[in-house]
Amino acid sequence: MSSALLADLRARGLIFQIAGEDDLPAWLDGGVRTLYCGFDPTADSLHIGSLVPLLMLRRFQLAGHKPLALVGGATGLIGDPSFKAQERQLNTPEVVSGWVAKLQQQVSRFIEFDDGPVSAEVVNNLDWTANMDVLTFLRDVGKHFSVNAMIQKESVKQRIEREGSGISYTEFTYMILQSFDFAELNKRYDCTLQLGGSDQWGNITGGIDLTRRLNGNQVFGLTMPLITKADGTKFGKTESGTIWLDAAKTSPYAFYQFWLGCADADVYRFLKYFTFLEVDEINEIERADAERQGRPEAQAILAQEVTRLVHGDEGLAAAQRITESLFSGSIEDLAEGDLAQLRQDGLPASTVSRADFPETLTQMLTDAGMAGSGKQVKDALGRNAVTVNNRSLGWEDNARVAASFEPSEALHGRFYLCKLGKKKYHLFEIGA
RNA sequence: GGAGGGGUUCCCGAGUGGCCAAAGGGAUCAGACUGUAAAUCUGACGCGAAAGCUUCGGUGGUUCGAAUCCACCCCCCUCCA
């Protein structure tokens, strides 16, 4: 039943370390097991960094195990110091609980809740920590931890040893809290496996030790590799910031574009990490791409698969509609309804009335969010990198805003598709 | 509580009285080349169309002139007690 799962995960490169490696395959094969992975509320949405663990829960579920998604209502109040260079700012309980509610909803999209014995559940560690008093915590939980061992953990080492940083007692306690979660889930749900990113190894093994001491049970841990990019830059961030899972924060279109822009050197690896396509299938794609000249197909497949997983068929369709019209089609062919639809679909857009035109294009495009400052627009104009409905504008047009948005050039009387550089589009809807 | 080190533009990091909007690197943006790639090369990179305006932890002061000197304050780190 499940050593096949481990083999698949290994083939995908999704396994970094396993605690209890010798016994885990047999344990998984022996029946329905409950496993969990935690997600701390550090923002009002998860970002794509959480995608691998989320899909991992689903992979286990598909293989016949019961996943628990833990949203850290308690741990989110403390802050995980693991491999963080600096102490983090505490968020207020109100803010955190608001985030918890959002994450619970988000997490739920990736796992199946109505699936018999392997039905997923969402749990919150605030449930078993909120009412625990300090003395009980210190006596029943803290007593099992050796500070000597804790300060040896790689995850907090730089905070303890490196000059220029430090760690508060609060954050130092995080590991104990997370360990307690595992022991508690073991007791409540018979949970015997914890998943996490490789940065969670220290916290996971802490939980394994505590579970053994508190409950006398052997439990397992599995970590996934840190997602890296071939060029060494951080995965999941772009020029415009974090790629969120929330459609309101990162539109399906932007999300789709993110994956489409994936480097050749990364794309096949990412297909294995982020999709449910079979490894053989992915290898086949890679071979086909290698034989073909020019543009590989893998990015399009990756973008399609992941966007569908996160935003559903509708979100994917919207993203592809926009992409198609901007990069392949010609904008003159777009029907009036299509343009309105693009706006609906999440193409950056704004409505301006002629009476409110600013003095300069630099102002107008900066206001629209197309550039961070007028200087950037100036630079782009100077290189003929700005177009409005396919007509290129130059620096000399800067003060001629109205002339740049000639009524006679409007699409369907009111739309102007403005492009800055090669990829940045903005739809202006201009009324009288 | 004591001693010492430090806080510079997104990040790292130079800069100890004018030549400093502040070296260098990274990141980012734009152009060429391309595949809406990569690598490479070029330009931009506090704000502003410009005139000009605002920055070097904070507040005051010295000076014709301060990121640089002085005073006080805040924050961080290390060691000692």
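Glycine too: its Cβ is placed from the backbone N, Cα and C atoms.
Residues or ranges marked as L-tyrosine binding site in TrEMBL: A:Tyr36, A:Tyr174, A:Gln178. If you look up TrEMBL, you'll see A:Lys237 marked as ATP binding site. The domain 'Tyrosine--tRNA ligase SYY-like C-terminal' feature in TrEMBL is assigned to A:339-427. The feature motif ''HIGH' region' is assigned by TrEMBL to A:41-50. Marked as motif ''KMSKS' region' by TrEMBL: A:234-238.
Annotated features taken from TrEMBL, shown on the structure.
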{"residue": "A:Tyr36", "record": "L-tyrosine binding site", "DSSP class": "strand"}
{"residue": "A:Tyr174", "record": "L-tyrosine binding site", "DSSP class": "helix"}
{"residue": "A:Lys237", "record": "ATP binding site", "DSSP class": "strand"}
May I ask which residues of the same chain, at least 6 positions away in sequence, place their Cβ under 8 angstroms from the Cβ of A:Lys237 (ATP binding site)? A:Ile243
Taking only the residues the record lists as binding L-tyrosine, namely A:Tyr36, A:Tyr174, A:Gln178, what is the largest Cα to Cα distance between any two of them, in Å to the nearest whole number? 18
Which residue counts does DSSP give the motif ''HIGH' region' (A:41-50) for helix, strand and coil? 3 helix, 1 strand, 6 coil
With helix taken as DSSP H, G or I, strand as E or B and everything else coil, how many residues of the domain 'Tyrosine--tRNA ligase SYY-like C-terminal' (A:339-427) land in each class? 36 helix, 22 strand, 31 coil
The number of other Cβ atoms within 10 Å of the Cβ of A:Tyr174 (L-tyrosine binding site), counted over all protein chains shown, is 22
Show which residues of the chain containing A:Gln178 (L-tyrosine binding site), separated from it by at least 6 in sequence, have their CB under 8 Å from its CB. A:Gly38, A:Thr75, A:Asp80, A:Asn203, A:Gly206, A:Gly207
So what pLDDT does the domain 'Tyrosine--tRNA ligase SYY-like C-terminal' (A:339-427) average out to? 93
Do any residues at least six apart in sequence from A:Tyr36 (L-tyrosine binding site), in the same chain, have a Cβ closer than 8 Å to its Cβ, and if so which, in order? A:Pro67, A:Leu68, A:Ala69, A:Leu70, A:Val123, A:Asp181, A:Phe182, A:Leu185, A:Tyr189, A:Cys191, A:Leu193, A:Gln194, A:Leu195
